[in-house]
Amino acid sequence: MWFLPATLPLLPLLLLLGQTPPNRPQSLGTMKLRLVGPSSKPEEGRLEVLHQGQWGTVCDDDFALQEATVACRQLGFEGALTWAHSAKYGSGEGPIWLDNVHCVGTESSLDQCRSNGWGVSDCTHSEDVGVVCHPQRQRGYISERVSNALGPQDRRLEEVRLKPILASAKRQSPVTEGAVEVKYEGHWRQVCDQGWTRNNSRVVCGMLGFPSEAPVDSHYYRKVWDSKMKDPNSRLKSLTKKNSFWIHRVNCLGTEPHMANCQLQVAPAQGKLRPACPGGMHAVVSCVAGPRFRPPKAKPGRKESRAEEMKVRLRSGAQVGEGRVEVLLNRQWGTVCDHGWNLISASVVCRQLGFGSAREALFGAQLGQALGPIHLSEVRCRGYERTLSDCPSLEGSQNGCQHDNDAAVRCNIPNMGFQDQVRLAGGRSPEEGVVEVQVEVNGVQRWGAVCSDHWGLSEAMVACRQLGLGFASHAIKDTWYWQGTPGAREVVMSGVRCSGTELALQQCQRHGPVHCSHGTGRFSAGVSCTDSAPDLVMNAQLVQETAYLEDRPLSLLYCAHEENCLSQSADRMDWPYGHRRLLRFSSQIHNLGRADFRPKMGRHSWIWHQCHRHYHSIEVFTHYDLLTLNGSKVAEGHKASFCLEDTDCPRGMQKRYACANFGEQGVTVGCWDTYRHDIDCQWVDITDVSPGDYIFQVVVNPKFEVAESDFSNNMMRCRCKYDGQRVWLHNCHTANMQLDTQVLLSTPNHCELRLSKQRAF
């Protein structure tokens, strides 16, 4: 290929010579790139370009590091490490779209580089070029989605479903067994069973939200099929003669997140003259539901017995099956760095947790940051692993990962039909209103209201999640200003008590016969939902570093005594003579969520305290308790929230809340509020406590007045010991309450400092 000097007018000269000008690829709005090949690493592979709905390759002629750098940046990586010629990652199929690509290296996409034009090439697929990108993602590249990684069929293959055949399968929810149907170009087709494998079933089950597949009784289904084919009046018999009824052949490896990534043959290679599924029948798949999606009486199989040993969890997700990935190592939860994070590794996490395959692998702490260790980085799963710990990986500290690199995932989950059994009515927006549920009353399905007795944040969280609306920002007991649906205002559910982990209100504990002390009308339960929420997490290391004992004179404790920050024995002392022994510490509360933390009440409702001369925006913000190892309380304290503000923020982020001059109170996303050890009530009064091992417990906002995306990280614990004169604290960390209780009871020679917290509106 020859080039003219840049100063000459290229287009007129080419027209004068009777040649057409070189084409350029389409703009980025319609052009996509992908890397394909046998490697499980997302940053390397054969470079392919999507043009006119078809994927094609790029020839290696004149391809060099500049071109590879542009391609890698367009794919979301920081740059290129090298390129590979001569089809190192295998020969592609279809057209060779680009040849003689020339980039300066500063272009943002390949469509800005020069080339021969679309499809103009003298290469063969033995010259397909590959690239190796830097594994670090660009800042702002937020996720790898299934929709961005579809195969040559592009988006023509839209959905997959199971059509139940057996009567028992039709009664199940979710449907776990049936004939595979694929929505292709807007029409549902069945899949021929010839060449169907367990790997194909695994991909289908993963798309439908199931972690694994099970064998099917193919002989029985064959008998059913043959009986229908012998029936001259069978509509199925006539349909099977049409090629448009079938997907001819599917071949999956079993690790694909979507069937469109598998080799897919819609019709026979010889064309429409040959039937698509001669002598075959529809493929039948049986899936195994995860523990959360089984009927209550279903017993876990041998494969699921390992669920008790789960060492991975999702946190801060607005929906079921999504969240920041955290793993348990050395009895401490930590995050996974997004370096090398992809759909294959994310799918291993999803299946381990009892969900299907991953539909999105998220980077850059898109679902919130955590505090504490970063356990893993460069996770390289092949897709067949049972658990994330089976995958090769590096320690998170080895490559400079920070918590703004925390990886997250969104998993496929089964369709349980719960979203059709709840609705909101009367609100100003679709995210708020009176909660109406569908339940069975005297054998008939009826819509009605929920009694607001005992209605709280946990129940509202379940309702919002069931609606697909994320988190609850308010649990509303008085809904007189919202008109419910006519004919659905009678209370059909009362006494609702949820743990907060249920998939639907119908799974929560509730009264048998409905009993609502307030009756119907204005006291029906309501919610206000949001797709983002704050998440307060205590800095455990600061507690460990700042804890100490102080013998403080009573003469300096009058205000603290007035606000009930001392033990009851202080009432019987000869004031102002004597002192109280205080266990003091600093607390630093980070807002790691995706919304600002604000007090529930506005400034007009704050309470003025004359002694300390400040307002309390939350009257009881924290409880501090010292407990024995069996949970008996031996000392207590509490602290009101006299000031919620941004004590400090990361560099480049501006503080929004300050208490000075009766200012607005709150904690901005990413910022933190610090209560120093030397302010009143930042202690537990241990004057009457004997030496020994204890649990020091701190509960923030114990009345559940703050809505957060994650309630599980509201606990902090330290190992501690008190000998009557000194106190020792070590191994302070935020952790799971149930797990740490087991750890605590298994080590009776130590005590722990425990901190829990809740949310505010």
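A Cβ is built for glycine as well, from the same backbone N, Cα and C atoms used for every other residue.
Taken from TrEMBL, the feature signal peptide covers 1-18.
The annotation domain 'SRCR' is assigned in TrEMBL to 33-134 (among others). Restricting the average to the domain 'SRCR' (33-134) gives a pLDDT of 88.
Positions annotated as disulfide bond by TrEMBL: CYS59-CYS123 (among others). Under a cutoff of 8 A between CB atoms, and with a sequence separation of 6+ in the same chain, the neighbours of CYS123 (disulfide bond) are CYS59, ASP60, ASP61, ILE96, ASP99.
There are 25 other CB atoms within 10 A of the CB of CYS72 (disulfide bond), with all protein chains counted. Marked as disulfide bond by TrEMBL: CYS72-CYS133 (among others).
According to TrEMBL, the feature disulfide bond maps to CYS103-CYS113 (among others).
Annotation source TrEMBL lists domain 'SRCR' at 160-288 (among others).
For CYS262 (disulfide bond), the number of other Cβ atoms no farther than 10 Å from its own Cβ, over all displayed protein chains, is 20. According to TrEMBL, the feature disulfide bond maps to CYS252-CYS262 (among others).
Sorting the domain 'SRCR' (312-412) by DSSP state (H, G, I as helix; E, B as strand; all else coil) yields 20 helix, 34 strand, 47 coil. Annotated domain 'SRCR' per TrEMBL: 312-412 (among others), in sequence order.
Sequence-distant neighbours of CYS337 (disulfide bond) (same chain, six or more apart, CB under 8 Å from its CB) are ILE374, LEU376, SER377, GLU378, GLY396, ASN399, CYS401, ASN405, ASP406, ALA407, listed in sequence order. Taken from TrEMBL, the feature disulfide bond covers CYS337-CYS401 (among others).
Here TrEMBL flags CYS350-CYS411 (among others) as disulfide bond.
TrEMBL lists CYS381-CYS391 (among others) with the feature disulfide bond.
If you look up TrEMBL, you'll see 422-530 (among others) marked as domain 'SRCR'. For the domain 'SRCR' (422-530), the DSSP counts in helix, strand and coil order read 14 helix, 40 strand, 55 coil.
Listed in sequence order, SER458, GLU459, MET461, VAL462, LEU505, CYS508, GLN509 are the same-chain residues six or more apart from CYS498 (disulfide bond) with CB atoms under 8 A from its CB. Residues annotated as disulfide bond in TrEMBL: CYS498-CYS508 (among others).
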Inter-residue C-alpha distance, CYS113 (disulfide bond) and CYS72 (disulfide bond) (nearest angstrom): 14
Integer Å distance between the CA atoms belonging to CYS381 (disulfide bond) and CYS350 (disulfide bond): 13
Nonlocal residues around CYS411 (disulfide bond), in sequence order (Cβ under 8 Å, 6 or more apart): GLY209, GLY321, GLU322, ALA346, VAL349, CYS350, LEU353, PHE355, GLY356, SER357, ALA358, ARG359
For the domain 'SRCR' (160-288), residues assigned helix / strand / coil by DSSP: 38 helix, 35 strand, 56 coil
Residues of the domain 'SRCR' (33-134) by DSSP state, where helix covers H, G and I: 16 helix, 34 strand, 52 coil
Rounded to the nearest Å - Cα separation of CYS252 (disulfide bond) and CYS381 (disulfide bond): 17
Per-residue Cβ crowding (10 Å cut-off), top of disulfide-bonded residues CYS113, CYS350, CYS381, CYS401: CYS350
